[in-house]
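These features come from TrEMBL:
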| type | residues | note |
| --- | --- | --- |
| DOMAIN | 9-177 | domain 'FeoB-type G' |
| TRANSMEM | 220-243 | transmembrane segment |
| TRANSMEM | 249-268 | transmembrane segment |
| TRANSMEM | 280-305 | transmembrane segment |
| TRANSMEM | 325-347 | transmembrane segment |
| TRANSMEM | 359-385 | transmembrane segment |
| TRANSMEM | 397-419 | transmembrane segment |
| TRANSMEM | 457-476 | transmembrane segment |
| TRANSMEM | 559-583 | transmembrane segment |
| TRANSMEM | 595-616 | transmembrane segment |
Amino acid sequence: MDNSISKKSALVALLGCPNAGKTSLFNALTGASQKIANYPGVTVERKIGQLKFASGHMARLVDLPGTYSLTPISLDEEVTNRAVRGQQDGLDKISAIIAVVDANNLDNHLPLILEAKSLGIPMIIALNMVDMAARDGLTLSPQALETALGIKVVETVAVRKRGLTDLTAALEICLNEPAENLPVAMLDDKERFAEAHRLAKLTILKQSASRLWTQTADRILLHPVGGIFILLGLLFIMFQAVYSWSEAPIGWIESGTEILAAFVANLLPAGFFSDLITQGVIAGVGSVIVFLPQILILFLFILLLESTGYMTRAAFLMDRFMASAGMSGHSFIPLLSSFACAIPGIMATRSIADDKQRLTTILVAPLMTCSARLPVYTVIIGAFIPKMTIGPNIGLQGFVLFCLYLAGIIAAMIASIFIRKTAAKGAEGTFLLEMPRYQMPRMRDILISLWQRGWVFLRRAGTIIMAATIILWLLLTFPKVDGASSDLQSQKSYAGQIASVIEPVVRPIGFNQEIALALIPAMAAREVAVSALATVNAIDAEDEEKQSADLGKTLAGKWSLATALAFLAWFVFAPQCISTIAVAKRETNGWKWPLFMLAYLFALAYLAAGITYWTAVAFGLG
Ligand SMILES: Nc1nc2c(ncn2[C@@H]2O[C@H](COP(=O)(O)OP(=O)(O)OP(=O)(O)O)[C@@H](O)[C@H]2O)c(=O)[nH]1
Ligand SMILES: [Mg+2]
């Protein structure tokens with residue numbers, strides 16, 4: 001510790017809103033002569049350093065936590081509030097304040113200055129980040145602000161050490177000949193914001209059109225209440241579009257697979273091979289490929305939101321919400337990626353510095369509705385939820401899909417709260433984010449990304465999903481039951497025998513034999529649940545001549561609504577994806593956390609499906 005810091009020299013405080021540049025200024029002004037301690041009772045760092053004036057005199061400088069107001073809400077704001085009022089234990093009375101203001105953000109930063117002014121402590125203003133202001137096309141008049149406030153204003157660029165000589169000179173004058181403290185009228189919140197706005201207008205001489213535009217857009221899109229509604233509205237439109245735009249292309253793909261199946265059936269001699277291709281490969285894989293249009297529409301929206309610069313704003317909007325669940329805005333992007341797929345999502349958590357927050361984000365990422373769930377949701381919704389509207393342009397099917405996504409999000413938040421209270425206890429993190437500029441998306445880039453996503457999906461369908469479907473088909477076809485109806489065949493087959501072990505476990509939550517059968521191969525990937533059901537039904541329908549290419553129609557004739565809803569609820573939670581477990585193992589360096597993840601997600605899935613089933617039955621939907 002540096003004991004050379006004199007206890008007697010005047011104490012000067014750096015006061016300002018979060019991210020105004022106080023710490024940067026503190027470092028620039030004090031160099032290496034810092035002394036770091038904690039405020040008593042709070043784990044907020046207290047930094048005191050020594051400041052040398054041109055005259056050779058010294059002062060002590062204290063860096064305070066950022067706050068927007070002297071009416072504290074959080075602990076570190078409390079520290080700042082007590083410090084400037086001279087009520088902080090172990091801290092001398094403050095002789096002067098350097099109020100640090102972000103030049104780009106006058107409207108938001110000036111209210112604190114007005115509040116501080118009423119304390120009656122000698123004060124000067126460091127108008128910081130003027131480099132950014134200039135870059136963004138802002139022309140400012142520090143003189144205008146100085147005259148209007150009656151407080152000396154010095155322009156600074158803390159990170160480039162610009163304006164520091166002027167600042168220390170002004171500070172020394174302020175300490176030696178404090179301006180007369182004219183009594184200041186106490187303003188209430190509303191008056192203070194109005195006055196801050198007036199001062200900002202006086203100070204800003206000119207601003208570029210694009211900055212003005214960005215500011216207006218941000219005022220609307222980042223509004224703490226309105227912004228959230230806009231975000232939810234955008235997501236809602238997205239899910240509606242996933243349905244309404246995909247109808248026609250889905251029809252084309254369906255007729256395409258039907259034609260292909262008929263063509264192959266004609267081409268190949270009837271028998272094992274023909275059955276394998278038509279029932280296993282074409283019915284199975286085709287039932288998954290049908291979802292390509294919906295997946296592309298989903299990605300189109302995500303890509304558009306990303307490329308316009310909106311996504312970062314969404315992260316910002318969500319920060320407070322995420323913090324209330326024990327994560328932070330940093331977790332937002334990984335979780336958002338998990339809507340596409342949990343694997344890139346979990347890998348993106350590497351950018352989260354806090355270990356506990358990172359672990360939590362990994363553990364809840366599989367609850368975000370990945371695109372592999374879309375086929376499962378869509379088949380069931382298409383089959384069981386009536387195609388009706390529940391409001392102007394609001395379809396019930398899109399609404400249900402929206403609710404399923406919402407259920408995943410809410411479950412993730414609740415799980416996160418629990419995990420942060422138990423398995424991953426730790427302090428809250430901080431959050432910093434720079435807003436990108438708004439821009440027109442470049443259609444070419446979007447199309448390329450869409451093509452890549454589509455290709456990844458098709459490759460999955462052609463590899464893992466096809467393999468799982470073929471294996472399942474083989475397990476369903478053997479051992480052959482002679483002369484049995486095809487229904488009996490699937491029950492007596494190897495797959496049927498395995499399913500009959502699982503069935504008693506899932507029967508209490510409303511699942512039937514064919515669901516039990518589909519759940520095992522679906523561990524490979526969730527979509528396989530759909531291709532497995534398609535294959536089972538293709539085999540079962542063999543003799544009956546009424547095999548429908550539309551899996552939904554077939555299921556609607558067999559399952560009760562309660563079972564269908566329970567099946568949906570299951571897939572909101574069930575960790576049915578081996579690759580996700582593998583990535584979680586790699587990213588957490590061991591089996592402990594992936595096993596924990598498997599256990600808690602299966603438990604949730606079982607509970608949710610059971611509750612859904614029995615509630616539906618109670619309402620007479622069984
Ligand atoms: N371009 C530019 N960046 C700055 C300037 N001053 C600070 N920054 C940057 O702004 C960010 C916030 O600066 P800090 O010094 O940590 O802000 P602070 O006021 O201490 O923030 P809190 O302690 O959270 O209240 C950092 O990334 C700094 O590098 C400046 O004058 N110009
Ligand atoms: Mg700081």
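Yeah, the Cβs are placed from backbone N, Cα and C, and that goes for glycine too.
Only residues 6 or more beyond the boundaries of the transmembrane segment (359-385), in the same chain, are considered here, and those with a CB under 8 A from a CB of the stretch are 242, 287-288, 290-291, 294-295, 298-299, 326-327, 331, 334-336, 338-342, 345-346, 349, 352, 396-397, 400-401, 404-405, 408-409, 411-413, 415-416, 419-420, 423-424, 457, 525-527, 529-530, 533, 551-553, 555-556, 559, 561, 564-565, 567-568, 571-573, 575, 577, 580, 584, 587-588, 593, 596-597, 600-601. Proximity of distant same-chain residues to the transmembrane segment (559-583), defined by a Cβ-Cβ separation under 8 Å and at least 6 residues beyond the stretch ends, is recorded for 342-343, 346-347, 365-367, 369-370, 372-373, 376-377, 380-381, 383-384, 404, 407-408, 411, 509-512, 515, 519, 522-526, 529, 594, 597-598, 601-602, 604-606, 608-613, 616-617, 621-622.
Across the domain 'FeoB-type G' (9-177), the prediction's mean pLDDT works out to 88. The stretch from 220-243, 280-305, 397-419, 457-476 that makes the most Cβ contacts under 8 Å with the transmembrane segment (325-347) is 397-419. If you look at the transmembrane segment (220-243), the same-chain residues 6 or more away from its ends with a CB under 8 A from one of its CBs are 294, 297-298, 301, 305, 310, 313-314, 316-318, 320-321, 374, 393-395, 397-398, 401-402, 405. Long-range contacts of the transmembrane segment (457-476) within the same chain, counting only residues at least 6 positions beyond its ends with a Cβ under 8 Å from a Cβ of the stretch, are 276, 279-281, 284-285, 288-289, 292, 295, 371, 489-490, 493-496, 498, 517, 521, 524-525, 527-528, 531-532, 535-536, 539.
Same-chain residues lying 6 or more positions outside the transmembrane segment (397-419) and placing a CB less than 8 Å from one of its CB atoms are 235-236, 239-240, 242-244, 321, 324-327, 335, 339, 359-361, 363-365, 367-369, 373, 377-378, 381-382, 385, 387, 390, 568-569, 572-573, 600, 604.
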